[in-house]
Amino acid sequence: MELWFTEMQSKSIKMSYRVKDVLHTEKTEYQNLAVFETEEFGRMLVLDDVVQLTMKDEFIYHEMMAHVPLVTHGNPERVLVIGGGDGGTLREILKHPVKEAHLVEIDEKVIEASKKFFPTLSVAFEDPRAKVFCEDGIAYVKKFKNYYDVIIVDSTDPVGPAVGLFAKEFYKDIYEALTDGGIFVAQTESPFYYEDLLKKVYSAVSDIFPHAAVYTATIPTYPGSLWTFTMGSKLIDPLTRDISNIPDLNTKYYTPYIHRSCFNLPAFVKAIISK
Ligand code: SAM
């Protein structure tokens, strides 16, 4: 009998993956967690029936989450990831000579599952510069003033415990927690399916930060494939940043050319944030 996992990509669109094996399922305090071995995309992490990552394309999202803000900053020493319990974004951050890389994940079961099923991502947790806090990122960030150089919000979709990670109040707390040259970035979903969310987040970020910018990447297993990231910067203009000295980061998607071009938005995405 054939096994398929189906994700509702919107109210009227389904995407199905043929599954070779169901490796793990559990109901955590916060969400339903599953790990599948899929035929086309390899091992897959699923939370509340939504694909979080697959072994075949996770590098695109994690490289773009980490390297675009860290390179834009130029010399980050303390970096925070909110969410991201699989460790993929942390792994990419640790390719930079940062002093501390902290991760605050609300659901420790995601970290446990990653350690068991995704060793090439969870390897990041073994780095002595990495420190993990299992608590709500919304409350965590309120405790800091002028502390982190870069804050990355690697969240699930805006449902359940992640709703507050897309709110203006939270971005204000992030602004306070950042150092003077601080940079913030959040994954802001598909411009096809979450147009209103992208518009709302961009508007909130540009009200709070002197510089706001959106960049995109193409991620095959995320709904619509074209994905957005929204950046807020306290000092540096991300669009004119000199990036001529980018070190080799051993990446498969991110390059200096991608860094420059990812801020060049398709006209319809530009229209969403300009309205
Ligand atoms: N790349 C993924 C995507 O967009 O599909 C996101 C991956 S990562 C697994 C998202 C994590 O955010 C989840 O493990 C979830 O538990 C965590 N999370 C959700 N709300 C949170 C909150 N309020 N504080 C900290 N972590 C949160």
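Yeah, the Cβs are placed from backbone N, Cα and C, and that goes for glycine too.
Just so you know, TrEMBL annotations never went through curation; they're auto-generated.
Note that the structure is a prediction, hence the values are computed from the model and not measured.
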Spermidine site partner of ASP86, ASP154, SER155, THR156, ASP157 (as recorded in TrEMBL), chosen from HIS24, HIS62, HIS211, HIS259: HIS62
Same-site residue for S-methyl-5'-thioadenosine (record: TrEMBL; known: GLU105, ASP136, GLY137, PRO161; options: GLN9, GLN31): GLN31
Distance [Cα-Cα, Å, rounded] between GLU105 (S-methyl-5'-thioadenosine binding site) and SER155 (spermidine binding site): 9
Contacting binding-site residues, sequence order - HIS62, GLU105, SER155 vs ligand 1, Cβ under 6 Å: GLU105, SER155
